């Protein structure tokens, strides 16, 4: 298994896309930290970009990678290796290389310019989001054999989590505004890893004071070690559910 | 004729000076080796117009009642320690001056509101340059007119985690007219400066910080002038209510940051001027409810959560020549406030253009964003702050406004930030 991971990992690292991704994140982060002056503000701007681009790049890259290495996987399947092992190695190889790029591109400057608990949360959130969206990409890829269709599904998934879901929740909040919705909002944000990550970081920044009663409620739940553990546990669940279900589909299907 | 009046004037002055000398009376000294070894003793012996001079040392005294016009003067850091027994000085006479003392240790008393210095129904009292430490109420004036409270330091304790009812106010005035409260530093109490039914007074150059509730709190106090004060890091900022005809100028409201904190909370304030103040890093810069005919101009709103929250119950307020920079929301409202005028403000979020180079933008600016309205209407939606959808929504609304109130609009936004020291010319031109 390690051997396959290593192979996938080196294969990806050699590609120009990964270098470009790392450089993009690196330049962006350094630029933001040098522009604002205030590290808190830079982390806030960074959060916006991380939550938009990281899922998009992760999901698109992972899907295309999956389809491109289809032949390699076929070759491996012909060997006496367990299918789930092949699949998990592919997953870990892609996810680790993408989060490695993220840690290098964002983590290094954050450590240099704005090392704080919030920065750490931002990093952790970014890594989790990468793992989650690679898992979702693999799920999209095993659902269909058509590459175009697979990428289409992957993009739709990204679109759903980045935009549509928030729209639906805002719509619900607006139409049921006569009811106390604080707890419902809490539950609904837990159903979107992007929102969850955003809130974990936001609650640790100054702007949390603007969030009034709802913010205070969130803070009372997510402010403790237990709450943070719960939030990251939820994110972990968001990795496990898609990757385990896609592994199941992959190991059972006719290649 | 002119000469004669001049002579009369000099003569009068001389006579007055002579009289003043007589009225000045004798000086009773208090120290460990003097005739009087306690302040209470000296006050009892003193005649009207005398001076009680305390020449250093610590006196464990409380319940000093001043019932004749005296001057109590502290030298060499004289300390009156109330020892948590009760009120230290109670003034029951007109024309009393209390100066240069350090008063400390007043117990929290829920029943009688003990203070370091209490003035009861008197006038012309001067409380100058005292240091008041660790008290329940610091300076408490009731029904007393023409009083001066100047240069005092009233400092309580660390208020974090304390209950509001366990703390008194640093400077508390109730039914007092023509008060002069200036150059005081107050901290660590419930309210820094509390005024109720205080009219025609001047509050100047004070610093009020780290109080549990409000830095400044007044109600039913018409015709007061507040200038050059600083209100910093108070639990809930500054709250003013039910008052007309006030002027607030050159004050600084900063660091009032918390879920229920306000730089300046206005409730039913009318016909007043709020000018040249600085609002920096407050959760809400100005919160306005049922406030009308206010002239809000030349203020700086910098890095606040909400610069202005204008509830729909406000009418005929004018916002001119203000700077709005780095605020999360510039203006938010819960409905459609009517007849409020925004004009010639600088908004850092404005991205219009100025073709005729008259330093006024050619396209109007709408300071209310769609999301800020949504947050007012559905508070839980604040959890979507900074999400991609919200940014998108705001930008679409900016291009094609359809939900935000038509009336809240700055038709002539400034292109450049106002620099109030140098831009007087520009101000005049725009006027």
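Just so you know, glycine gets a Cβ as well, placed from its N, Cα and C.
Summarising the annotation, TrEMBL assigns transmembrane segment to A:20-37 (among others).
Positions annotated as transmembrane segment by TrEMBL: A:43-70 (among others).
Sequence-distant neighbours of the transmembrane segment (A:91-114) (same chain, 6+ residues past either end, Cβ-Cβ under 8 Å): 4-9, 11-13, 18, 21-26, 28-30, 33-34, 39-40, 42-43, 46, 50, 54, 57-58, 61-62, 65-66, 122-123, 126-127, 130-131, 134-135, 138, 243, 247. Taken from TrEMBL, the feature transmembrane segment applies to A:91-114 (among others).
The transmembrane segment feature in TrEMBL is assigned to A:120-143 (among others).
Tertiary neighbourhood of the transmembrane segment (A:155-176): same-chain residues 51-52, 55-56, 59-60, 133, 136-137, 140, 184-185, 188-189, 191-195, selected by CB-CB distance under 8 Å and a gap of 6+ residues from either end. For A:155-176 (among others), the entry in TrEMBL reads transmembrane segment.
Summarising the annotation, TrEMBL assigns transmembrane segment to A:225-245 (among others).
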Other parts of the chain folded back onto the transmembrane segment (A:43-70), taken as Cβ under 8 Å at six or more residues beyond its ends: 8, 11-12, 17, 21, 28-29, 32, 36, 90, 94-95, 98, 102, 106, 110, 114, 116, 118-119, 122, 125-126, 129-130, 132-134, 136-138, 140-141, 147, 150-151, 154-155, 157-158, 161-162, 194, 197-198, 201-202, 205, 207
